Amino acid sequence: MQSWYCPPVPVLPGRGPQLRLYDSADRQVRPVAPGSKATMYVCGITPYDATHLGHAATYVTFDLIHRLWLDLGHELHYVQNITDIDDPLFERADRDGVDWRDLAQAEVALFCEDMAALRVLPPQDYVGATEAIAEMVELIEKMLACGAAYVIDREMGEYQDIYFRADATLQFGYESGYDRDTMLRLCEERGGDPRRPGKSDELDALLWRAARPGEPSWPSPFGPGRPGWHVECAAIALSRIGSGLDIQGGGSDLIFPHHEFTAAHAECVSGERRFARHYVHAGMIGWDGHKMSKSRGNLVLVSALRAQDVEPSAVRLGLLAGHYRADRFWSQQVLDEATARLHRWRTATALPAGPAAVDVVARVRRYLADDLDTPKAIAALDGWVTDAVEYGGHDAGAPKLVATAIDALLGVDL
């Protein structure tokens, strides 16, 4: 599937330190050590509604990683999926009386516009689940063949769905570190079906949902139906990149069940101990002290902000003001502060000269390499900007160097 426009990324002189990121599986910050080509898989949207700031914060986070790898001289193979086979999409299409494919196409187009406006670098492979059915079927066949999957007995219900055995890998649970009770609760809350009759274990995850009347379905050797959520990402990642990813990423709400099962699906057929070397998760974004949710009706949409002539660079800078792993709140104050900061940065970098900037660029690189510490990086830049505006300087190349660093590393257009 076509992604979005890729803005040019300027090249800074020199190199920054090695990137270190918090790994959700190991529960610690440690170095990310990609090979000749870095690999990253980030879970994409379910295209049934417009992009809100929670989505934006996640993709801006992984855009920082993308930019830091480029700054380190790495090539990158970045894959992102589109979950265009999922119940929320079908339910929204039914509610609105539109074809689910048309709804998905419209929302994907809007998402791409939002990402381009926020200057998020696109993935090399942008893959809809509907484009990878054959890969999913092949992966399910392998899981059935090795005993990691089973078909629900016909005596237990009309539909012979296929499930993945949660105990198919000895290491199941390492990615989240959650206990069984927490896993069961989150399965119930996040699209699982622990109470489904006929399952070997309540935690077992759906791989193939046999066709039901009125639901979209695709042909397969085990009958018409559609894939489960987790196998979509496992199949797309394995077919586009292979096992042993440098990073699997997404929002913190994907730690379990989605990323745990995606990893287990891949590991049971690849034989790898870990699907990814790093599991990286971004925190959630709330609005004015409340969780942002459709039920509350308090979603802040990127497209709505753009329609109000809010500058996307200010939105991006506002999201970067907090640490990526922290759950945090968006507010008018956050936006106002980001807008004012953007104006100050533009004023300073437009000066004919300023204080020497080599040190501040080195500090920005160092802070970002330390688990994407954007608050410290922004504070360092604020310090240089204050000195430039209030005291001036004699380095004619400094303003341009700072502007280039802000563009290349933070993705903010001045």
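Including glycine, each Cβ sits where the backbone N, Cα and C put it.
The structure displayed is predicted, hence computed values, not measured ones.
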Swiss-Prot annotation, L-cysteinyl-5'-AMP site containing CYS43, GLY44, ILE45, THR46, THR58, ASN81, ILE82, THR83, GLY251, SER252, ASP253, ILE285 - matching residue among TRP69, TRP100, TRP229: TRP229
For the motif ''HIGH' region' (45-55), the number of residues DSSP places in helix, strand and coil: 3 helix, 1 strand, 7 coil
Positions on the same chain near the motif ''HIGH' region' (45-55), where near means CB under 8 A and six or more residues out: 82-84, 86, 88-89, 91-93, 103-108, 110-111, 114-115, 251, 284-285, 287, 292, 294, 299-304, 315, 319, 330
Those binding-site residues listed as THR58, SER252, and which of them has the most Cβ atoms within 10 Å of its own Cβ: THR58
For ILE285 (L-cysteinyl-5'-AMP binding site), nearby residues of its own chain (Cβ under 8 Å, 6 or more apart in sequence): HIS52, LEU53, GLY54, ALA57, MET292, LEU319, ASP327, ARG328, PHE329, TRP330
